[in-house]
Every structure is written in structure tokens, then in C-alpha cells.
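TrEMBL lists 144 with the feature substrate binding site. Marked as disulfide bond by TrEMBL: 186-197, 268-271, 319-423. What TrEMBL lists as Mn(2+) binding site is 246, 354.
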């Protein structure tokens, strides 16, 4: 009897050994796949519109490959006391939540990105305060550097929830070190070997100018932070409207933007975004009784998380293209890589206008002073004060897209490898969540598997 029992146990061991080996190999293979996936994909566009132009009620999971070196770790400058304190302020909750405790369904978040033009900012804040429905929005003001007067102006906002964020690695926060100017940096057209200085010239032989590169750094950091880095917006599944400190907002802008967002899935499913003004910054609109789909402009533009994922997947192209302007970089290299025209839907009349004569880079140097009294000479008609978008209008598509396109090599100013590495930093900090079998998710930030959140699935 003992001999039969021993023989039976031996047979079980002989059968179990191959099975155990298969299980171990399967676990090792799954681990390898998960590790590879961490570097090959960015988070899905959960609770975002299905496809490019879908509405906010559709929930999808879209994985996007991102061409990054998994062994690359960006080298970051050492933060100053001011930089660290601003990073702490970024974590503060929005103000005025007691006055506006609930943001209704269908609301838009608004991001106002600013530098150091107080007169302009006062006008923009005043125009925003007059926009119908603005109390429904969360306004995020993104600062490129720290300027006390700009900070004080934002502190006076009481007409909606408002949150301030500050780019912690803005060149304006580092007066004596990169990303500002360090003593060993090459200047102008210096030859590094001859001058024994540091830096990589651009395609035209010019070395970096911190006040010039700050614009592109700020825009990219802001986008990564707003979409993936803030508790207030990380799970937001609607459109975010982006404006600058020299964009005058009409009283009907917020309601018109909501109407365009609602109409986009049916009227222009191929549209990536909506705009409050024509792509030609000087144009007032055609005045037609139709909607217009044209090249995406940079005045009052709004898109959803699905579009952001497509942009985010082109991080390497954005950060290595030798062009210091973020919008020209998008038009010349990012948008063309999408494979189809990047249309934006707008009304036949503008709901926002560019004003002033001093650009972001003017008036910042001792020898290049731009003086502007900050007056906005924007004429508002009665029709500009009420929503003027009609749901039954047809869509006129402007297929010929003027301006910068694929093939433009850039104006330069972005040749220094340090700027390119710093630009890529927010991308590597993005929380990556991959959808697994049986609709579970692997959260690389927490290094654990978890169930999906709501209908949206694997998105955080």
C-alpha cells in the first residue's frame, strides 16, 4: 500500500513540474511585456470624446505609442528657494470654491497663460469677468516665472474658481544658471571650442537666448501639467480653452465656445478643436450664416484629452525641432504628422481678439524696450455680446491652409541639447496606465494593478 502511495506522489510530481515551469515562464513573459509597455505607451484617453471630434459623454481607451528612449533620464537644474516655493503653490486648491462650489456638467476649463505684461493682464481679466457663464468655469492661470504685479492681479479675481500654477524651471527663475544664463554659456555666434564655453548652436549658428526659449518651455510644461499633473483636471473629460494675456475675450465667448464644442461631433467630426477667432489674428470673421472649419489658430483654442494624447505622443518631435515658437513648431512638425488636415471649428464672427503691440519677447531687454499703454481698441457690436452661433448653420471648410506647414525648417533658437532635455522632462513624469486583460489596469505610478475608474476604463 505504501509503495503504491509513493508511486502516485511521484507521478504527480512528474506531471506538476512541467506545469510549474510553464506558469513561471508565463509570469516572466507578462512581466517583460508590462515593462516594455511602460515605455511604449502613454495613458489612454479615457472619458474623452470617441475619435477626434467626439462628444464628452463617450468613453474610450486609446493607447498611443510614444517614441522615447527608455534609458534616458532628463537632467534637471537644481531648484532655487523661489522655484521650490512656487512648486508648493502649484499644489494649492483653487480659490473662490466657497463662492462657486459646483462646476456644472458641460462646463469648460480655461487656461490663461501669462508672462509679464500687467497692463495687458488687467484688460484680459476685466474682459473675462464680463463673459456670460464665466462663473461655471475653473480658471487656471499659468505663469512663466514669478512677477509680483502679475501675481497681485490674479489674486483679485473673484468671478470664478481660480488656480495659479508657476513653471518651476522657467528661465526667468534662474538668473545665474541654466535654464537662465550661466557664466560659462556661449553667447551669440561663439565657437564653443574657441571660447571654451558651453552650449549647442542652432541651425543658423546662434546660441540660446533664455528669454526667447522660455515661451516654448512654458507652453509645453503648461500643457503637460494641466492635462496630466493637476488633481483638478487630471480626470476632466471635457474641452479646455486656452487663452493668452493679450487676448481680449468678448462677452459671448464662453457660451459660443460651449456651443461649438457641442456642435463639433455632428457638424465637423474631423475637426480637432474649436477656435474663438480666425487663424489670421487680424481678421474679424466673414460674417456668414455658416460655421467655418479651417486651420487651427492660436487665439482662444480648445480641445479635449483625445487630441492632447495625439499631441503628447509627438513629444520628441516637439522638443527637438529647432524652432523657439511653440505654435510654429506645432504647425510645421506636429500637426502634419497626424496624417490629415488639422481643422478647427469656429463661428463666422470672432469672440476673442488679439490686442496690443508688445510681443512676449519685446520690452524684456534693456536695449529692446516696447512701450504700450495697454489700451484695447476692440470694437464690440451688440451681436458680440450674446451667443451668435446657430445649430442649423452649415459648415464652410477652408481647405487651403496658409502659413507654416510641413517642410518649414524653423527659425532656430532651439538648438541647445539642454533645452531639448528640459522640454522632455514633463513627458517622463506623466503617470502611465496600461489596460490589461479582463479590463484591469496597471498603474505604474503606484506599481500595482487596479480596477478601472467608472465607464472610462484605464485612465487616471
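Even glycines carry a Cβ here, placed using N, Cα and C.
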Neighbourhood of residue 144 (substrate binding site) by C-beta distance under 8 A, where only residues 6 or more apart in the same chain count: 113, 114, 115, 116, 167, 170, 172, 214, 215, 217, 218
Residue among disulfide-bonded residues 197, 271 with least C-beta crowding, 10 angstrom cut-off: 197
Distance from residue 423 (disulfide bond) back to residue 186 (disulfide bond), taken between C-alpha atoms, in Å: 20
Distance from residue 197 (disulfide bond) back to residue 271 (disulfide bond), taken between C-alpha atoms, in Å: 47
Candidates 197, 246, 268, 354 (recorded positions) - the one closest to residue 423 (disulfide bond) by CA: 197
Protein Cβ atoms within 10 Å of residue 246 (Mn(2+) binding site), excluding its own: 26
Length of the line joining the Cα atoms of residue 354 (Mn(2+) binding site) and residue 319 (disulfide bond), in Å: 27
Cβ atoms near residue 423 (disulfide bond) (within 10 Å, other residues, all chains): 23
Spatial separation of residue 268 (disulfide bond) from residue 197 (disulfide bond) - C-alpha basis, Å: 52
Packing count at residue 268 (disulfide bond) (other Cβ atoms within 10 Å of its Cβ): 22
Residues near residue 319 (disulfide bond) in space but at least six apart in sequence (CB under 8 A): 220, 420, 423, 424, 427
Rounded Cα separation (Å) that holds between residue 246 (Mn(2+) binding site) and residue 268 (disulfide bond): 29
Local Cβ density at residue 186 (disulfide bond) - other Cβ atoms counted within 10 Å: 20
